[in-house]
Every structure is written in structure tokens, then in C-alpha cells.
Amino acid sequence: MELIIIGLFGLSLLFCLLANLSILYALLIGYVLFFCYGLITKHGVKELLRLSVQGIYQIKVILIVLVLIGMITATWRASGTIAYITYTSSHLIIPSIFIFIVFLLNCVISILTGTSVGTAATMGIICMSLGNIMGINGVLVGGAILSGIYVGDRCSPVSTSALLISTLTKNNIYQNIRHMVRTSVVPFIVTCAIYLVVGFITSAKPKTLEIFDIIPHYFQLHWILLLPPALIIFLALFRLKVLWLMSISVAVSCVLCVFIQHITINNLLYIMLWGYHIDNTELAGIFNGGGILSMVKVIAIICISASYSGIFSGTGILERLKKSIAVSSNYFSVYGSILLVSFCTSIIACNQTLSIILTYMLCKDLTTDEQELAIDLEDTAVVVSPLIPWSISCAIPLVTVGAPMMSIAFACYLFLIPLWRLAFLRRYPKQVP
């Protein structure tokens, strides 16, 4: 029965994708299916509701982060931070290598900070704004951002996912990172090559430079406007919690809004809730957006997804899967089995952390080598989760930077990591790259 329920959920997801319907419908159908499974297996309504709320409560920090992201994306626009960086940087960037530069910049910041969300909320927003002002395809820019922010999320010593895997497998994180760098060298080089080639062959038509001259008429530009993103990057080096990083950035942005851009408190509160809107049609497509309400759909997706985890833990729906995985490992390689499991857990769990934990729980008995298991988890669950459209790992960064969901198709680095591992294992079955 468990496989039937999960299969029906998968079909609902596929239908919504093919019919171009909101993924919320599929997630609601999934919740009904898993709730009914709980009732069939003799769990009461009150217990299932309690498990659902418990699952949501476990991700309360993520919900707060989403609210802060909404505030950041609005206040950075209103304070002139995005305008200043865009105005000063736009003349220095060559459009033909812009996609490549976007990937590298997000790589560097994500390695320094160890956070994909923080990188998307800083360098990602800046890169997307520059891409918009130069008329470069948002799908390409979004894909390069999504690739770049997970380079550091995967192999930074201050990354929470890297720390989680080292804790689960009881391995030294720096030893894990050495292996991760080895398995990512070829995918990284190929990704850079792809972005360079695409940058040269795409027929982007950059907007005229006259649009840059309009910016100073709508914003007071000063180097102090760099403080909000600079503080996030600087304080992240001291491993300050993400909530504090974002709260400080929002507070500083609010001060800049009031004292530099002369925005009233009432207008500032409105902007933080509804987003920033500029009175210029040419600049509107670049600077409009943000606000807490822009995150409502993502918050709904995350809450429904999180409720699944509570029901899963209480009903034991995944136990039978664990036995099936052990059997499948006899036909596939250990890595192949873990990759398949991580894909399934990413679809169901809808967030990277839960996907990592579920994949570890379901696959930890497939190998006795904890070091190998750690690398396999890094090369599966960590990079597969951002490729699932309704996953937190994908939805939050793309919504934050304002990139279309189709950007997933251009997140080359995330595809190449598992593909490279599979290709290498086919030739050298007993080795790790």
C-alpha cells in the first residue's frame, strides 16, 4: 500500500507539472493521500494533525528566514543598495562572459559564507539585477546562480549541510571536503566551459547605457549603501547565525532607507510588506519586487512539505522502502542506489536537510565505509534537492533572486556532479574520482 500511495503522489506531481498548474495542488493532494494512509493504519485524526503541526514546528526557523528574505529583497531595493551596485558595476561587465562571472561570484560567496540562501539573498540578487539591466536571459542567469550557491553549500567548512553529513557519518568535515573537491573538479571545469560557450553564442541584446544615467535621478547613491550585503558576508565569516545576519542587514537597510533615501516610516513598513515599486517604467522591471507577501506561496509550499515529515515519522510509511532499497543495491551500484533514493526523498521531503537525513537512514546499511557514504550523500542528496521545483532548496533561492523556475534546467553543476560519478563508476566500479 505504501508504494501505491507514494506512486499516486508522484502522478499528481507529474500531472501538475505537465498541466502547468501550481505545485501547491499536488502537495495538497499528497497531504490528503498521506493523511488517509495514516487513518487506514489505525492512527487517529488528532494524532495525524499533531504530527503535521510537529513537522511544521520543526522548520519554524526556515519560516522566519523566509520572512526576513522578503524584507531584505524589499529594503535592499528601497535603500538604493541594488541601485548603487548595479550603477557602479554595469560598465565593468562584459555581457559575453556575464553568465560565467555570475557562476564564479556566487561560488566564492557561498564558499566564504557556507549558506546558499545567504548567497542568493546577496550576490544572487545583485547578479540578477545586473542581468536584467543588461537584457540577459533570466533563465540563464538564474541557472548560473543556482549552480554557484551550491558549490559552497556542498563543500564549505561552514556549510550546515556539510556539517550535518559529517555528523551523521561521524567523519572529519575537512577530510570530507578534500574528497568532495576531488569529485567536483571535472564537473566544475565543464560547468565553467558551458557557461562561457553559452555566453558567447546567446544573442542577448543589452539595453542601452542611457538607462544607467536614469538611476541617480531616483536614488541617492553613496558607498555606504554597500553596508547591508557587506555585513552579511563579513559576519558570516564568524559563523553568526543566519537569522542574526539577515536581521542586522534588514535593520541597516531600514536606516539607509530613512536617512539616505528619505523614505517615511509608514512607506517603509508598506514596502517591507508589499515590496518596492519605482515610478519609472524602464527601471520597474529591474528594481520592483520583494516584500513579505512575495514569499507567501513559498511559505505555503514549505509548510505543507514539512507536515509530510511529521506524518512519515509517525506512520512508518518509509519502512518498507528501506527493505526494497537493500534488494535494489544487489542490481545497482551502491552510489546508484543512493542517488535513486535521494531523488525520491527530495521529491517527498521537499527540503535538503530532511532529504539528507532520510537518505542516510534508508541507505546507511548499504556500505560499511562511512567515508564513502559521506561522499555519496554529498554527491546525491545535497545536489539533487535543489533540482526539485517544489523543494525549499530550489524554491527559496529562485524566488529570492526573481528567477523563473525554468532556471533549474540550466543549473549545470548540479546535474554534472551525479552524472560524472555515474560515468566514472561505469569505467572504474571500485573507485571514487
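Glycine residues also receive a Cβ, built from the backbone N, Cα and C atoms like all the rest.
Annotations in TrEMBL come from automatic prediction, not curation.
Among residues of the same chain six or more beyond the transmembrane segment (12-40), those with a C-beta under 8 A of the stretch's C-beta atoms are 1-2, 5, 47-48, 51-52, 297, 300-301, 304-305, 307-308, 311-312, 314-315, 317, 347, 350, 389-390. Marked as transmembrane segment by TrEMBL: 12-40 (among others).
Marked as transmembrane segment by TrEMBL: 61-87 (among others).
Counting residues 6+ beyond its ends, the transmembrane segment (93-113) has Cβ neighbours under 8 Å at 119-120, 122-124, 127, 130-131, 134, 136, 140-141, 144-145, 147-153, 155-156, 158, 191-192, 195-196, 198-200, 202, 204, 206, 232-233, 236-237, 413 in the same chain. Feature annotation from TrEMBL assigns transmembrane segment to 93-113 (among others).
Residues annotated as transmembrane segment in TrEMBL: 125-150 (among others).
According to TrEMBL, the feature domain 'Na+/H+ antiporter NhaC-like C-terminal' maps to 148-418.
Taken from TrEMBL, the feature transmembrane segment applies to 185-201 (among others).
Marked as transmembrane segment by TrEMBL: 221-238 (among others). Counting same-chain residues at least six beyond the ends of the transmembrane segment (221-238), those with a Cβ under 8 angstroms from any Cβ of the stretch are 72, 75-76, 79-81, 83-85, 87-88, 109, 112-115, 118, 121-123, 126, 158, 215, 244-246, 248-250, 252-253, 256, 260.
Long-range contacts of the transmembrane segment (243-265) within its own chain (CB-CB distance under 8 A, at least 6 residues past either end) are made by residues 61, 64-65, 68-69, 71-72, 75-76, 78-81, 118, 121, 219-220, 222, 224-225, 227-229, 231-232, 235-236, 271. Sequence annotations record features per position, and here TrEMBL assigns transmembrane segment to 243-265 (among others).
Same-chain residues lying 6 or more positions outside the transmembrane segment (285-311) and placing a CB less than 8 Å from one of its CB atoms are 22-24, 27-28, 30-31, 34-35, 37-38, 48, 50-56, 58-59, 62-63, 66-67, 69-77, 82-83, 86, 129, 132-133, 271-278, 317, 348-351, 354, 390-392, 395-396, 399, 402. The feature transmembrane segment is assigned by TrEMBL to 285-311 (among others).
What TrEMBL lists as transmembrane segment is 332-362 (among others). Long-range contacts of the transmembrane segment (332-362) within the same chain: residues 6, 9-10, 13, 27, 59, 62, 160-161, 164-165, 168-169, 301-302, 305-306, 308-309, 312, 318, 321-322, 325, 372-373, 376-377, 379-382, 384-388, 390-393, 418, 421-422, 425, 429, each at least 6 residues beyond the stretch ends and with a Cβ under 8 Å from a Cβ of the stretch.
Taken from TrEMBL, the feature transmembrane segment covers 387-420 (among others).
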